[in-house]
Amino acid sequence: MSPLAVNPPAPASTDPSVIRNFCIIAHIDHGKSTLADRMLQATGVVTPRQMKAQYLDRMDIERERGITIKSQAVRMPWNVDGTDYALNMIDTPGHVDFTYEVSRSLAACEATILLVDAAQGIEAQTLANLYLAIENDLTIIPVLNKIDLPAAQPEKYAAELANLIGVEPEEVLKVSGKTGEGVEELLERIVRDVPPPQGVKDAPSRAMIFDSVYDTYRGVVTYVRVVDGTLVPRERIQMMSTGATHELLEIGVISPEPIPSKGLSVGEVGYLITGVKDVRQSRVGDTVTNQQKPAQESLGGYEDPKPMVFSGLFPVEGSDYPVLRDALEKLQLNDAALVYEPETSAALGFGFRCGFLGLLHLEITRDRLEREFNLDLISTAPSVSYNVTLEDHSEVEVTNPSEFPEGRILEIREPMVSATILVPSEFIGAVMELSQSKRGEMKGMDYLSEDRVELRYRLPLAEIVFDFFDQLKSKTRGYASLDWKADGEQAADLVKVDILLQGEQVDAFSAITHKDKAYSYGVLMTGKLQKLIPRQQYEVPIQAAIGSRIIARENIRAIRKDVLSKCYGGDISRKRKLLEKQKEGKKRMKMVGRVEVPQEAFVAALSSDEDNGKDKKK
């Protein structure tokens with residue numbers, strides 16, 4: 001067994017040859033955070049008394065859902081053959097929505113641990129992240145986790161993993177994040193196999209930002225990996241993408257609580273505090289350099305996060321609008337990918353149109369708004385961004401059905417995605433049928449082993465954001481896994497379906513759908529609303545329309561008061577007079593009456609698909 005480090009290398013004066021930077025990539029629920037916990041314990045940076053499960057997942061929502069949303073970086077000392085090493089572990093998010101954060105975390109490392117659950121095998125996101133690691137030329141250490149599970153098949157999956165990355169099955173390490181078995185061997189393997197960082201100590205300083213979090217007391221805490229040169233406290237630094245300059249108030253390492261140091265040198269991973277209050281000023285992927293002696297070239301790879309899915313968020317109580325605005329401002333401090341703008345809806349009042357990276361991002365943001373700020377929210381059906389070309393060749397970007405231009409449209413282009421689906425071979429037929437029903441185009445198919453298949457499809461993003469994942473899981477008994485990335489645009493035959501209540505359009509229920517699906521959407525919504533809207537004194541038609549053409553209709557039957565109850569026998573003309581009078585009254589009421597859609601009907605109509613999905617996931 002390797003003893004704990006005797007003299008842990010001090011930050012700023014650590015020789016790059018004893019630094020090892022690595023990250024852990026895995027599919028959701030394959031045990032990344034649990035393995036990280038065991039490493040923290042084995043290296044002694046967290047005492048048994050301080051230890052708690054998922055130590056690095058700081059947000060309640062991360063711990064509750066068992067997912068990692070924000071990257072974390074921890075410095076751990078470890079001794080091998082009498083030499084003290086500094087291991088920097090970067091814990092990465094595993095979900096498809098946060099692929100950009102994962103790619104930046106990978107760029108900050110020299111190696112990655114490819115972690116696979118010994119009971120489930122390789123999943124789609126494991127593959128996607130593995131390809132990212134290969135693109136970044138990282139050393140890959142294959143590891144099977146959860147070997148203590150009764151259902152574990154370490155031999156079978158070790159062969160599958162070895163086959164995938166081209167090593168011998170004996171080279172695949174077997175560990176248990178729960179019991180700690182094999183963790184010390186893994187730490188020694190990291191020291192032995194991971195190359196030390198390369199960089200020029202005397203060159204102008206360059207450091208890459210791979211994450212930033214907002215701290216209420218200290219402002220933005222930026223996580224960086226130094227590539228060249230040295231960063232020291234009190235120097236003025238410059239962000240290379242924006243040119244903004246700041247004073248470095250504090251610099252240090254996280255082990256696993258922040259420890260200020262005299263600086264950070266080549267290959268080291270740590271944090272900076274500049275007193276900035278907005279995460280958007282220290283963007284993930286940007287390069288930090290010295291203002292006096294700036295580097296000529298940035299480290300590259302920086303992209304602005306681009307929202308893919310749009311949804312309207314409205315407070316159930318209209319008076320909560322200012323609270324929602326403040327809450328979104330605070331969340332944006334911690335989440336540079338969240339964009340929002342004010343929106344008004346005739347039906348739902350004042351709210352915000354928000355842009356998200358994907359459905360999980362939307363769900364987490366909504367959860368955090370409701371939980372941390374005590375808000376009750378209605379979210380409209382998720383939509384994507386369409387590019388519409390009109391006949392005069394002007395272009396309009398549409399993120400909301402209400403912005404859809406009426407009139408002469410030349411072409412509508414919708415965003416497309418490349419999807420990778422991993423499924424057991426017996427479900428191939430069901431998955432192909434589902435993908436084709438969602439307008440998917442098959443790009444290829446590979447057998448990873450006798451019973452696991454990788455299917456590649458090109459699909460419209462709009463078909464994926466609604467309930468594709470839920471349907472995929474239910475058709476494959478939960479065994480399929482999905483990963484996707486943006487893949488350009490494509491012209492499509494799309495129409496806007498409006499829902500009319502007594503001839504008046506209700507903007508919250510409008511949707512942009514493919515022409516072939518417009519009828520089924522119309523029938524679905526009219527049927528749903530017929531059950532949800534209370535009956536009135538007069539008959540109310542609910543119609544679905546494309547432009548001026550009605551494609552579906554349901555009626556809410558009128559409540560009829562028995563006006564003849566007080567007539568005991570008597571003349572028929574008396575009864576007829578009362579009935580005519582009632583008929584006139586209903587006619588007049590129908591002309592002046594307005595149908596109020598109750599709040600519950602909005603919530604049920606807009607979120608029932610989503611809730612069904614949630615039930616399926618449980």
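Glycine is no exception: its Cβ is also placed from the backbone N, Cα and C atoms.
Summarising the annotation, Swiss-Prot assigns GTP binding site to Asp29, His30, Gly31, Lys32, Ser33, Thr34, Asn145, Lys146, Ile147, Asp148 and lists sequence analysis as the type of evidence. Taking the Cβ of Gly31 (GTP binding site) as centre and 10 Å as the limit, one finds 24 other Cβ atoms among all the protein chains shown.
Marked as domain 'tr-type G' by Swiss-Prot: 17-198.
In this structure, of the binding-site residues Ser33, Asn145, the smallest number of CB atoms within 10 A of the CB marks Ser33. Taking all protein chains in view, 22 other C-beta atoms sit within 10 angstroms of the C-beta of Ile147 (GTP binding site). Reduced to three states, the DSSP call for Ile147 (GTP binding site) is coil.
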